[in-house]
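In what follows, a structure is listed as structure tokens, so that the remarks can point back to it.
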């Protein structure tokens, strides 16, 4: 493979779309805390001074959607009208209905193992050995930059930072291996009284340098810090936000394919979410086992049907065992039926709000990031 560049981006927890994702998943978590078998599809819209929470929810639980919304916005850091959005005074509107009984009859079964998929669709999972978390480097470091922005904002290191921020990192590859970072973009919302020069210096010293490995930076690396020169108006005042609008940020930064389904606000019966997590789990264990350097899994479903309609394994020529054997290993060691994968990954718990910012993959505290089947796969493949 010739030399090439690859770019991925991320956004902070204060980005409007991510506010929406976090509210949707906070509602989901609150419901799952009381009713693990709830059916939840929660969508959120945010704009200056208001939040609209809608969707289809069938549950025995009662949750205070207004309180959950305000607490989520408050934790993110929008607590004053000067920021254009205030957790204490914004309007919170609710438009919640129940999940269609037509869908329910296709999902619920007397035998849990025969639980049908909540919808048709195709999902992808991916892993690569180019980072320690078996994720693509561009999106991994883009996430870490905006995580660091939130950290120094919240701990008072840079008190003039505001919640909205975006990052973008362009990596240089040679023959498929990382050789450097070509460009870094970091735009952060800020208070009115900080000048551009001071902001750029502080962002470089407190955010960029602590995160990006120095061996990948050189004199030709380009840095774009707040390149418009001003970013005071941000968050929902600058742009409206919607649940599910950052699906590439949420996954692999464009390095792998995407089936199109968003994650946040959906309970695990929705294979858009749970099967994408399972596909990541499969791909990561294959790479961790040393069966391939890169692995992409596709799985697909028909609504109301338990068995996947297809499973595909792509290793981009990096496989250490035949591709046909990899498919057999996946079918032997991973139950990709909806109920099976929910049990395999223990998904009926309130673990989702944390996923809703800084990527659903590559953070070791999530169950789909375990590599507990790597040795089993390696032994079954006959690798020493």
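Cβ from N, Cα, C; glycine included.
Record note: Swiss-Prot gives 164, 165, 166, 230, 231, 239, 245, 246, 262, 266 as ATP-binding, and the candidate from 4, 15 in that site is 15.
Segment annotation: Swiss-Prot labels region 'Flexible loop' over residues 99-109 (candidates 88-98, 99-109, 110-120, 121-131). Mean per-residue pLDDT, taken over the region 'Flexible loop' (99-109), amounts to 63. In the structure as shown, the Cβ atom of residue 230 (ATP binding site) sits within 10 Å of 10 other Cβ atoms. Counting only the Cα atoms, the space from residue 270 (L-methionine binding site) to residue 15 (ATP binding site) is about 25 angstrom. Comparing the Cα of residue 239 (ATP binding site) with the Cα of every entry in 17, 43, 56, these being the binding-site residues, the smallest distance points to 17. A sphere of 10 angstroms centred on the C-beta of residue 15 (ATP binding site) encloses 28 other C-beta atoms. Comparing Cα positions, residue 230 (ATP binding site) lies closest to 17 out of the binding-site residues 17, 43, 56.
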